[in-house]
Amino acid sequence: MLKNIQEWILLFIIVSVMVAVGNWIGYEVMPLEALPGILALVGISLVGLILHRVNPYKGIPSIAYIGILAFIVTIPGVPGAEQIVEWTSKVNLLAIATPILAYAGISIGRSWADFAKLGWKTIIVGMFVLLGTYLGSAVIAEILLRMQGII
Amino acid sequence: MEGKALGLWKDWRLHAVVLAIVIVTELIGQHSISIGAGIILLLPMLYAVIIGISIYFTPIVTKKQSENAETLVYITLTLLIAKFGVQAGPALPQLIAAGPALILQELGNLGTILIALPIAVLLGLKRESIGMTHSIGREANLALITDKFGLSSPEGRGVMSMYIFGTVFGSIFIGLASGFLATTLPLHPYSFAMATGIGSGSMTAAALGPLVAAFPDMADTITAFSGASNLLTSVTGLYASILIGLPLTEKFYKVLTKRREKNSAENMMASKLDAESNVGVITEKVTDDTKSKVVK
């Protein structure tokens, strides 16, 4: 357990450097300015991972702990909420997404041979599968948001 | 998956490559291509995934790095999830107001079945199409289909091929499509934001990126809605597949193939091509019907 936490922290340090660098080059936020926000996000993620590890019931995915925890600590009125919101607003979402997809790309390379073997029918169906879920959800959301007069 | 994370920090070669990718792609920056009324947004993360795949085929990284990268995707993704969360907290009043839309749009994930299954059947795919179209075919669905049919069954082959498709091409495709659809279709960016929770972290990031970039004024609310939808899908997705998605796919498959058989029997003399175009008309009608139901 301790060994795991140690490993997570080391990995978070590495990933934080990438986010800070991307945030600096792409979105012109100085790394020092972004540091408190990155630390806050790392802290929340770490606590979420630990909570998932210690709870013997594994039916809840660890990202659910992380998402809910991050949500709770930033609800207006919760002590420190404003501070966390201000800090993390300096960390651009796209600066986090870039290293994720860079790691993903290297990981995906392994599946390329299998991908190349898929027939054209699978590729077509696959695109409609993704479009189906995306548009399906967007249309339902649009209808309800309009009915409620939110948009 | 996080249990495997031992000694990965020592893989300096992997981290150096990713850092280099981040620097290069962020320096290239964001570009856009106009196609008619729509815009395709080219974001650093999109170049990053393509450069990442290409680098796998150079001697710079080996299979070992590629395997380690998988856990790093997960670790980095937790930061994105945390970012989603901290955007959602301040937006609590909006989330409550939009609650019904947020919850019901989860049913939109069944859109895969209504749109993709008729196409799969039309293309002549058999029971593979059930595995392919009952969901977007990520890890949890792979497990579900394996459990129910076995991985070597037609359904198993179907979900496996969709898994491979989604793994390799999913984030690239949805990243390109998201910006284009949001700038061409008359739907509000908030609706698209809620739709980004499709059950895969990297695909959610890829779909959300162009929305945030295209509508910077609404970025905060878009991120909050996307995060809430992603969270809902991650918790409810598998159960929705078990209780609704898979049974619905099997029923719909039976309806589609029965009509097909009936048609070919009626048109004994007609050529196979004719029978197939008949099925085409019918399946189109079915999707139209279901669509109009949704609109009503």
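If you go along the chain as it appears here, the first residue is 1 and each next one adds 1.
Note: Cβ is positioned from N, Cα and C throughout, glycine not excepted.
Below 8 angstroms of C-beta separation, residues 44-45, 47-48, 51-52, 55, 60-61, 65, 68-69, 72 of the same chain, each at least six residues beyond the ends of the transmembrane segment (B:12-29), sit close to that stretch. What TrEMBL lists as transmembrane segment is B:12-29 (among others).
Feature annotation from TrEMBL assigns transmembrane segment to B:35-57 (among others).
The transmembrane segment annotation in TrEMBL covers B:69-87 (among others).
According to TrEMBL, the transmembrane segment annotation covers B:107-125 (among others).
What TrEMBL records for B:162-184 (among others) is transmembrane segment.
Listed by sequence, the residues of this chain that lie at least six past the ends of the transmembrane segment (B:190-215) yet keep a Cβ under 8 A from its Cβ atoms are 30, 39, 41, 43, 45-46, 49, 73-74, 77, 80-81, 98, 101-102, 105-106, 108-109, 135-136, 138, 140, 166, 170-172, 174-175, 177-179, 181-183, 221-223, 225-226, 228-234, 237. For B:190-215 (among others), the entry in TrEMBL reads transmembrane segment.
Annotated transmembrane segment per TrEMBL: B:227-248 (among others), in sequence order.
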Intrachain residues whose Cβ lies under 8 Å of the transmembrane segment (B:35-57), provided they are six or more past its termini: 17-18, 21-22, 24-26, 28-29, 66, 69, 168, 171-172, 175-176, 179-181, 183-184, 205-206, 209-210, 213-214
